[in-house]
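Some notes on the structure that comes next.
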Amino acid sequence: MGSLSDIGLAAGINILSALGFLLAFAILRLQPINDRVYFPKWYLKGIRNSPRHSGNVVSKFVNLDFRTYIRFLNWMPTALKMPEPELIDHAGLDSAVYIRIYLLGRLKIFVPLTVLGFCVLVPVNWTSKTLENAQEVTFSEIDKLSISNIGQDTQRFWAHVVMAYVFAFWTYFVLYKEYKLIASMRLHFLASEKRRPDQFTVLVRNVPPDPDESVSEHVEHFFSVNHQDHYLTHQTGFWGLWGKTLDAIDYHTAEIEKLSKEEDAERERVISNPKSIMPAAFVSFKSRWGAAVCAQTQQSSNPTLWLTEWAPEPRDVYWSNLAIPYVELTIRRSLMAVALFFLTFFFIIPIAFVQSLANLEGIEKVVPFLRPVIEVQVVKSLIQGFLPGIALKVFLILLPTILMTMSKIEGFTALSALERRSASKYYLFLFVNVFLGSLITGTAFEQLNSFLHESANKIPEIVGRSIPMKATFFISYIMVDGWAGIAAEIIRLKPLVIFHLKNTFLVKTEQDREQAMDPGCLEFASSEPRIQLYFLLGLVYAVVTPILLPFIIVFFSFSFLVFRHQIINVYNQQYESGASFWPDVHGRLIVAMIVSQLLLMGLMSTQRAPQSTLLLGLPVITICFHSFCKGRFEPAFVKLPLQDAMVKDTLERATEPNLNLRDYLKYAYIHPVFHSDDIEHPLAIEEEERNPLVATKRNRSTPGDSKYASETSSDINF
């Protein structure tokens, strides 16, 4: 296990690495040639002009104003100056709420917990002498500051029980206030938001086939009958196509100019091909109220048909999954659940390898011939304090991509939903493998001699005392991933290299240069679970080993600064979901609280502390708190109040009485491959506005000919 010298060496390496990244960033961002790499958001907004357009030849590439180098750290206070309402207008509510997660962890939760932990728990732990008198347990100086140093059946455990309740109720208070605030921010954002197509549109899936009507005609007929006062139009057909036909279009689109005629011909063939039409549609309504009613109600007596949900905004649509049938969705998700299980299970192998690096002292007792190799103190400190954290981070590099692919196979239709689903998988993976896996395998390596020679009834006791000792490994991981890793994020090395390669060999015009920029975005699917791992570590070790908390605070503080800068100057979000991810964030924080409470209860029971029974109420209280917050606030993230929809509709009719909503929505949900001005799109049929009877191609003498006729209406005369 890591000693104080190991942690000190690792801290020195990571601090120097972070400072090196920050210094390189401070210099690179001042160079005119890199301006589009470090300030792309302002270029996309049309506010910033390239400094390379003026000055002499040298000054177009290198900043010759040496006064700016003196103020090279001014980006830090600048990142904090933009007030939150302006940040929401500038970057969206998703970005602003994401930043609040770091603020929640830094100031609101862990700073008070750290103060209490160091004032109450550290002295209680330090003044006990249990570990010094134990013969069968390997420990370091840091472990003397943890609960492992408390003897069995002692009154000192009262301090830990009281602090566990204090920490829990403080966290309840903070989470409640934050959930309430963000729910209010979301409702205000939706109420004040400019008109968007998704406010009037519902995504309809599993449109049943009809022998007499095409998919488009069937959709129009169904909604004209069942939402006759509110239905406006729909997009469907070739606008939602996918498959081999689209692959051909993509191929021709990528061809050189001589193939443009073939491309146009292929488009026309797809448009006229009924096989390209999917059983899904974007149905738009005359008002937000009408869309809200449709999105939040069951449309058919068969709950697997005419499935409706709020349409994602056009940028958020993941077109590939629109046509997946209901039954196939269930099969896909079951298969991916099995695949996730095996992926998680087999990843224990590299986790065990990482833990073997972190516990060389324990291994030396069983295999002493390795001792000469690792006995040199500097080498030993480097291996134990730095290498395990960096090795674990390397093993996790490809994981987010794999999990995102699995989420796509599951059939989600929005990029935001894909990211939330991938984030859930990633968090589960980090919890099982990085947290629990590191504890179990690390304890086995660390106390290997005890595991081999003690009786079976002694092993739970040894494990219980050893769990707090893994704090040194997690401290190492926090410094590698949360200090140096976050500093590496701001330097944007990969986008920097790619931009200059494109700028050198591919860019011919200013438009080419604009396209060469890669602003990136907040990778919610990978970054949010990483934040949650730090919340989990902080909550678990707040009572057990408070010395870990300052490292967590540094992570949250540094991340808050870096990502606020990136959101203001760099990232360009692909979509805006109105902070719909917050219930997931809150839920994972609740899971972390319950896990920390159960582990503390188990740990104290292994040390025969009678006070451990008093902790039984904490998980119950936490679950009740979550149930209350879920019922009180979650509807704001799932449903749109009809009252709010009606207010906004009424205001819009009063301020814009001549608004042509049909023209506004006509091409809102068009497949990206058809984003071309030279394509004529069919106008939506307006027959329902002129005729109270809905036109249909069904045989008038056999109104019940379709087996799905009952899904529309049994009272309409055809």
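Just so you know, glycine gets a Cβ as well, placed from its N, Cα and C.
The feature transmembrane segment is assigned by TrEMBL to 6-28 (among others).
Residues or ranges marked as domain 'CSC1/OSCA1-like N-terminal transmembrane' by TrEMBL: 9-178.
The transmembrane segment annotation in TrEMBL covers 109-126 (among others).
When Cβ-Cβ distances below 8 Å are used as the criterion, the transmembrane segment (157-176) is approached by residues 104, 108-109, 112-113, 116-117, 120-121, 124, 147, 150, 539, 542-543, 586, 589-590, 593, 597, 600, 604, 607, 609, 611-612, 614-615, 618, 621-622, 625, 629 of the same chain, each at least six residues removed from its ends. The annotation transmembrane segment is assigned in TrEMBL to 157-176 (among others).
Taken from TrEMBL, the feature domain 'CSC1/OSCA1-like cytosolic' covers 233-321.
Summarising the annotation, TrEMBL assigns domain 'CSC1/OSCA1-like 7TM region' to 332-604. Averaged across the domain 'CSC1/OSCA1-like 7TM region' (332-604), the predicted model reaches a pLDDT of 84.
Among the features that TrEMBL reports, transmembrane segment is placed at 335-358 (among others).
For 378-405 (among others), the entry in TrEMBL reads transmembrane segment.
Annotation comment: TrEMBL describes 426-445 (among others) as transmembrane segment.
Distant neighbours of the transmembrane segment (474-493): 2, 6-7, 10-11, 14-15, 17-22, 24-25, 28, 37-38, 358, 384-386, 388-390, 392-393, 434, 438, 520, 530, 534, 537, 541, 548, 551-552, 554-555, 558-559, 562-563, 565-566, 570; these residues of the same chain sit at least 6 beyond its ends, with a Cβ under 8 Å from one of its Cβ atoms. Taken from TrEMBL, the feature transmembrane segment covers 474-493 (among others).
Residues 18, 76, 79-80, 98-99, 102-103, 105-106, 109-111, 113-114, 117-118, 121-122, 142-143, 145-147, 160, 163-164, 167, 171, 427, 430-431, 434-435, 467-468, 471, 474-475, 478-479, 482-483, 486-487, 489-490, 522, 588-589, 592-593, 595-596, 599-600, 603 of the same chain lie 6+ residues outside the transmembrane segment (533-563) yet bring a C-beta within less than 8 angstroms of a C-beta in it. Per TrEMBL, transmembrane segment is recorded for 533-563 (among others).
Residues or ranges marked as region 'Disordered' in TrEMBL: 688-718.
The feature compositional bias 'Polar residues' is assigned by TrEMBL to 701-718.
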Restricting to the same chain and to residues at least six past its boundaries, which positions have a Cβ under 8 Å from a Cβ of the transmembrane segment (109-126)?
144-147, 149-150, 156, 159-160, 163, 166-167, 170-171, 174, 535, 538, 542-543, 546-547, 549-550, 552-553, 556
